[in-house]
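Peer 1: This is the structure I have questions about; it appears just below.
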Amino acid sequence: MSAKILDGKALAGRLQAEMAAQVQAWLPRVGRPPGLAVLRVGEDPASAAYVRGKERACERVGIASFGRHFSAQDSPAHLLDAIAQLNQDERVDGILVQLPLPPGWDPIPPLLAIDPAKDVDGLHPLNLGRLVRGEPGLRSCTPLGVMRLLQAEGIPIAGRKAVVVGRSLLVGKPLSLMLLAADATVTVAHSRTPNLAEVTRSADIVVMAVGRPRLLTADMVKPGAVVVDVGINRIQDPDGSEQLVGDVDYEAVKERAAAITPVPGGVGPMTVTMLLANTLESYKLRSHL
């Protein structure tokens with residue numbers, strides 16, 4: 001029997017419709033729409049596509065965009081100057097630096113320069129520290145999207161064994177803390193983990209976030225597990241065409257798991273939607289709603 005498909009695209013659409021209605025209700029009280037500034041450096045096509053997707057999502061919800069684009073040959077000081085200006089701009093509730101930055105650009109200074117109250121990517125040390133301490137704060141978008149998707153689908157987390165494969169600051173580390181806060185028993189696996197299949201087979205919930213195409217095969221999943229695929233990989237088919245796949249061997253694993261996210265259409269739309277949610281949260285706090 002095939003797994004239940006965890007449709008992040010459908011949930012994202014419903015949540016964005018709710019957000020659009022909220023924005024319209026708040027506008028008369030605040031006198032301005034929420035504002036998001038996405039800062040992009042360089043000409044990477046994937047980054048440009050991601051930024052366009054975020055701007056389209058903002059338009060659907062009613063969030064004003066204050067994005068800026070910098071050349072890879074530009075001075076990093078110009079990016080820091082722009083962040084300083086946006087920190088003071090009352091029209092802007094959220095600031096995001098699109099990662100990765102081009103070679104030679106250190107991502108740490110711009111991430112540290114963002115006002116934590118406008119850090120809608122949840123990567124400032126203050127917001128990460130709040131996550132560790134279990135305090136309210138802006139959370140990383142992809143892990144937050146995973147949690148919202150699991151909760152919306154009614155998947156139990158408390159008391160379950162969860163394995164997160166990947167230890168990045170963007171996904172693996174914050175997601176493991178969010179699962180722990182939801183009372184899961186959490187194991188974090190990575191490239192140096194011996195007997196990875198043995199670890200993943202013990203899990204009720206498996207989250208893949210390593211960027212390796214189809215790494216998780218059916219024999220690595222126990223029957224009835226929930227599988228969340230955060231990976232996005234472009235591979236070339238024998239005919240030369242490109243295909244977008246996750247870190248999970250989807251067709252095989254869906255016959256063994258109880259529930260699974262597709263790629264595309266699973267976690268990706270939820271990541272963008274949580275960026276909007278974080279922007280609205282900052283807007284609410286700054287507007288005293």
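Indices start at 1 and increase along the chain as displayed.
For all residues, glycine too, the Cβ spot is worked out from N, Cα and C.
Sequence annotations record features per position, and here Swiss-Prot assigns NADP(+) binding site to Gly166, Arg167, Ser168, Ser191, Ile232 based on sequence analysis.
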Peer 1: What is the one among the binding-site residues Ser168, Ser191 whose Cβ has the most other Cβ atoms less than or equal to 10 Å away?
Peer 2: Ser168
Peer 1: Counting across all protein chains shown, how many other Cβ atoms sit within 10 Å of the Cβ of Ile232 (NADP(+) binding site)?
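Peer 2: Ile232 (NADP(+) binding site) is surrounded by 18 other Cβ atoms within 10 Å.
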Peer 1: Gly166, Arg167: which of these binding-site residues has the highest Cβ count within 10 Å of its own Cβ?
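Peer 2: Result for the most crowded candidate: Gly166.
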